[in-house]
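Report on the following structure.
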Amino acid sequence: MKSMLVVTISIWLILAPTSTWAVNTIIYNVGSTTISKYATFLNDLRNEAKDPSLKCYGIPMLPNTNTNPKYVLVELQGSNKKTITLMLRRNNLYVMGYSDPFETNKCRYHIFNDISGTERQDVETTLCPNANSRVSKNINFDSRYPTLESKAGVKSRSQVQLGIQILDSNIGKISGVMSFTEKTEAEFLLVAIQMVSEAARFKYIENQVKTNFNRAFNPNPKVLNLQETWGKISTAIHDAKNGVLPKPLELVDASGAKWIVLRVDEIKPDVALLNYVGGSCQTTYNQNAMFPQLIMSTYYNYMVNLGDLFEGF
């Protein structure tokens, strides 16, 4: 009986997939792309990541931390057969690390230094399943935006240009390259995180990339503000009653002016995925009941910005 059990377990280990933690790899050919292909890539990523049973006011929500699969892989294919694979947490789309083909038939993995414990082991074995060809080159800094900005040598990521050509070029500076600086790595990560994870979370950021598809551009104040308030926006939409937020949400528009959001339909066009929030939420609401709120919101924003205008006098 014992011998049969050992044989059964051995066969299972041989036949089992290398990693049961990651969903199918989403592949995006950065080196040969179009606006339509970029949009399809982001939709594929959203569909792989979202919890199909969770939705608030028609906006899909990501799963909680206990839901399997736990991770999503995104393979970015650059020019000249250069590739980099990002590993994302499925529940929030945070980039945990990445891998690239290295030397002859080797897989080199890079992990942020704020990823620890079993998660760190998961990143290593998921990105590079074959232990015999695995090579480590750790990221010597954490994944927070302030750290990435500092390592990239800028005060704000608004100074780091985004764009398809820039992402393609940055892949070439990392993939298979023996040695590169922390600045080069941080610049690549700032661009990749915003054009993959942030664009998957926000339609507004996706549209910024599509509008500037054939040229480099600097992210505007609204882009940065959305990135920093995704959790707050998700909670506000989840807790809204008949489309009205529980309290005014103070955001920033593209020009940097205050933007006060009172209703779900004001922010909904900008949001593609909600961060996970526990508990039930409304899936739809009565549009006709929102007209008084529309008037109130217009008046509220007018008075707020009028107050800012006279503040300097």
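Any Cβ shown, glycine's included, is placed from N, Cα and C.
Record features, source Swiss-Prot:
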{"type": "ACT_SITE", "residues": "Y94", "note": "active site"}
{"type": "ACT_SITE", "residues": "Y145", "note": "active site"}
{"type": "ACT_SITE", "residues": "E198", "note": "active site"}
{"type": "ACT_SITE", "residues": "R201", "note": "active site"}
{"type": "BINDING", "residues": "V95, S143, S197, R201", "note": "substrate binding site"}
{"type": "DISULFID", "residues": "C56-C281", "note": "disulfide bond"}
{"type": "DISULFID", "residues": "C107-C128", "note": "disulfide bond"}
{"type": "SIGNAL", "residues": "1-22", "note": "signal peptide"}
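With all protein chains in the displayed structure included, the most crowded Cβ environment within 10 Å among the binding-site residues S143, S197 is that of S197. Taking the C-alpha atom of C128 (disulfide bond) as reference, the shortest distance to any of the recorded positions Y94, V95, S143 belongs to V95. Listed recorded positions near E198 (active site): Y94 (candidates C56, Y94, C107, S143, Y145, C281; Cα-Cα distance within 10 Å). C107 (disulfide bond): 19 other CB atoms within 10 A of its CB, across all protein chains. Comparing the Cα of S143 (substrate binding site) with the Cα of every entry in C56, Y94, C107, R201, these being the recorded positions, the smallest distance points to Y94. Ranked by Cα separation from C56 (disulfide bond), the recorded positions V95, S197, R201 are led by R201. Taking a C-beta cut-off of under 8 angstroms and a sequence separation of 6 or more, Y94 (active site) has the following same-chain neighbours: L88, S143, S197. Summary: among the recorded positions (V95, E198, R201), the fewest other C-beta atoms within 10 A of the C-beta are counted at V95. Sequence-distant contacts of C281 (disulfide bond), defined by Cβ-Cβ distance under 8 angstroms and a gap of at least six in the same chain, are C56, Y57, I237, H238, D239, A240.
In this view, Y145 (active site) is surrounded by 15 other Cβ atoms within 10 Å of its Cβ, with every protein chain counted.
When the C-alpha distances from Y145 (active site) to the recorded positions V95, C107, R201 are tabulated, the minimum falls on V95. Between the alpha carbons (Cα) of C107 (disulfide bond) and V95 (substrate binding site) lies a span of roughly 18 Å. Following the DSSP three-state reduction, the secondary structure of Y145 (active site) is helix.
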